[in-house]
Amino acid sequence: MFSFEQTFYENSQWWRLITPMFIHFSFAHLAFNCLWIYILGEKIEKFDGSFVFFCLVIFSAIFSNSLQFFWSNTSLFGGLSGVIYALIGFCMVNEMDSPYGRYDIPPGLYLFMIIWLVLGFLGIVEMFGFGAVANFAHLGGLISGIIFAVVYKFFPLYRSN
C-alpha cells in the first residue's frame, strides 16, 4: 500500500512519493533519523521558519524517493534518510556564504555525511551489518537539498528573522 509499484504513475497514487519517509525497518534506523530531524530541523526551522522546513521536507521526500525508485529497481524501501541528506545539503549551501555559521554546524559533520554516502555506494555500510541502504535516496536527498537551498537564496519563501 505504501511502497512503490511499477504501475505507480498510471494509478495516480501520488502519496507513494511521500509515505516511504514514514516507514522504518528497525528501531535504530528510526532513532537516528529522529535525532537528525531534531538537530538539523530545529536549526532550519528556527532560522528559516516552519513553512520553509515543511516545503524542504516534502520536496526532498518526493525527489529522493523518486530517484531511489527509478535507479534502484526496487519498490520496497523506507526511511527518512533522503530527507536528512536534504537538510544537510540545504544547511551546507546556506552556510557557505554566512560569515558566522548560520546554523552553527561543525564542518566535520558535513564531511562525515559525505563519507557515509560514499561508503554506502561502495557497499561498505551494508557489509558491516547496517542493513540495506537506500543509496539513491540519500544521493537524491543531498541533491534536492542543494537545489532547494540555491532556489531559496534567489526566491525566499519566508524568513523568520
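Numbers run from 1 along the shown chain.
Quick reminder: no glycine exception, Cβ is built from N, Cα and C everywhere.
Taken from TrEMBL, the feature domain 'Peptidase S54 rhomboid' applies to 12-151.
Per TrEMBL, transmembrane segment is recorded for 20-39 (among others).
Distant neighbours of the transmembrane segment (51-71): 4, 8, 16-18, 20-21, 41, 44-45, 77, 82-83, 85-87, 90, 134, 136-141, 143-145, 147-148, 152, 157-158; these residues of the same chain sit at least 6 beyond its ends, with a Cβ under 8 Å from one of its Cβ atoms. Taken from TrEMBL, the feature transmembrane segment covers 51-71 (among others).
TrEMBL lists 77-96 (among others) with the feature transmembrane segment.
Tertiary neighbourhood of the transmembrane segment (108-130): same-chain residues 85, 88, 91-92, 138-139, 142, selected by CB-CB distance under 8 Å and a gap of 6+ residues from either end. Sequence annotations record features per position, and here TrEMBL assigns transmembrane segment to 108-130 (among others).
Annotation source TrEMBL lists transmembrane segment at 136-155 (among others).
Confidence for the domain 'Peptidase S54 rhomboid' (12-151), expressed as mean pLDDT, is 87. DSSP places the residues of the domain 'Peptidase S54 rhomboid' (12-151) in helix, strand and coil in these numbers: 106 helix, 0 strand, 34 coil.
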